[in-house]
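Asker: Below is the structure I would like to discuss, written out as structure tokens.
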Amino acid sequence: MRSDGREAGSLRGINITRHYIKHAEGAVLVEFGDTKVICTASVEESVPPFLRGKGTGWVTAEYSMLPRSTHTRSSREAARGKIGGRTHEIQRLIGRSLRAVTDLTLLGERSVLIDCDVIQADGGTRTASITGAYVALVDALHLLVERGVLPLLPIKEAVAAVSVGIVDGNILLDLNYVEDSAAEVDMNFVMTSSDRFVEVQGTAESEPFTVEQMDGMRVAAVEGIRKLFSIQNEALSR
């Protein structure tokens, strides 16, 4: 039994609230336990210079954390004058994950800009961001279809993400901050609903991990992500 009462293979309480911000084409509040992220999807009728005239669209992402989303205040990256390496890595991961399930040709020469803003962090902010951003993206693209801008929804399949780690020798799904801080191994899995991987990130903090342990973490992640797909579908059906 974990500190929050969960079993080793259990997700935290997951909630996805759609239409959370009225101005964005797509906007959700996604909650993985005490981790809360606002994800918005904004449509622009233009593409980056490297795509102009090529008849294809683009999906990209930005990620940030509210200064007091963590236990102690962190200054805004804008105030420091540059984006940190962690932020750059996470927003590239979010963008890659969403492009993997978007038909960019069907999207046409327009862009969808995803903004993921962490308002409370308790571990797993990048995985929550990907899971919530997918729902915001679908809502934004549905709106384009309803307006007659697009003939079909340019979504090929769903995408979601979850963390898995080894804490005190045990494989745990969807780590909170305390567990993540104590983890001997930390992995993030991003998968599509056809059971294909977009990205797998894994790091041993102390002892290297075995193939058997990695396989165990993969199995736990796949089971967890399948549950996330069900939660996404339920949210989109409301």
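For all residues, glycine too, the Cβ spot is worked out from N, Cα and C.
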Asker: Among R76, R80, R86, R99, which is the one Swiss-Prot gives for the phosphate site where G124, T125, R126 also bind?
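Answerer: Site partner of G124, T125, R126 for phosphate, according to Swiss-Prot: R86.
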Asker: Of R86, R126, the binding-site residues given in the record, which has the fewest other CB atoms within 10 A of its CB?
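Answerer: Counting other Cβ atoms within 10 Å of each of the binding-site residues R86, R126, the minimum falls on R86.
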Asker: List the residues of the same chain that sit at least 6 positions away from T125 (phosphate binding site) in sequence and have their Cβ under 8 Å from its Cβ, in sequence order, or write 'none'.
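Answerer: Correct list: T35, V37, M65, I90, V118.
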Asker: For the recorded phosphate site, whose residues are R86, G124, T125, R126, find every other residue on that chain with a C-beta no more than 8 angstroms from the centre of their C-beta atoms, and list them by sequence position.
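Answerer: Near the phosphate site, beyond R86, G124, T125, R126, sit I90, V118, A121, G123, T127, A128, S129.
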Asker: What whole-number distance in angstrom separates the two most remote CA atoms of the phosphate-binding residues R86, G124, T125, R126?
Answerer: 13
